[in-house]
């Protein structure tokens, strides 16, 4: 993924950062607003477009601003929003950016069906008709986006990590490193900067006593690390990452994502991720760790219990 190039790059560094958050209903706009608020933005959602200039004419704010805009805004129209974007771009005191949350039509339809929420544009037609109409309506805004994020395969956790890459508010903050394991069968995670394939290492899956365990368990780690290729592989990857981290920090990056993949995302990749996170932390870097497939298993609802899944789906359908 390319480096985050924002409107701020060409404006005075003293200009206040202003993010307009929009996109089709169900793509995660409300979730994005909450994430930006957590990142230190003053977040305001669904303010009528006609009131935004009045808001900005007031006293300077001590923090960057994130404004949620969608078809539910009282006076929303594509022409009005484009006019607002053009007006903001001409103001020297602001550095506006358009964040567009996108999603496939199929995934949007699935989210609305699962949460049973009514699409804001649905009249007599079907939800699919409303989704397509909104997508067509927002086409010109999408074309004007400074940052485009496709949430089709992102969890709320993934979206938070992705937005942190683009909209971190503390440029002096130390670079943080996220290490994650994943299964190639379920697809490569979005937003990974450095990715390493662990499928050549000895596979504990074929050992009956190790199969139900995972790479956080000592017997599995010992088995994987007993592979004669493990030590050199680990050392080379660790040294490469430790070499690259200071360079990324000098370039102004706030976050670096490292992924380790194997077939099932349960044993080899988890072992490598655990060991690498520990090594980087000992080297003084701020590290977080995530095991994507293990999280999916742990969060899977028991038969007949769909409470957790409904909550996750609702988080998307609200925005």
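Heads up, the Cβ atoms here are built off N, Cα and C, so glycines get one too.
Remember, it's a predicted structure, so these values are computed and weren't measured experimentally.
When the ranges 272-295, 296-319 are checked against Swiss-Prot, the one recorded as region 'Disordered' is 296-319. Each residue contributes its Cα atom, and for residue 29 (ATP binding site) and residue 72 (GTP binding site) those atoms are 12 Å apart. On the backbone, the CA of residue 30 (ATP binding site) and the CA of residue 70 (GTP binding site) stand 10 Å apart.
Residue 24 (ATP binding site) and residue 70 (GTP binding site) have their C-alpha atoms 7 Å apart, to the nearest angstrom.
Ranking the binding-site residues 25, 30 by other CB atoms within 10 A of the CB puts 30 at the bottom.
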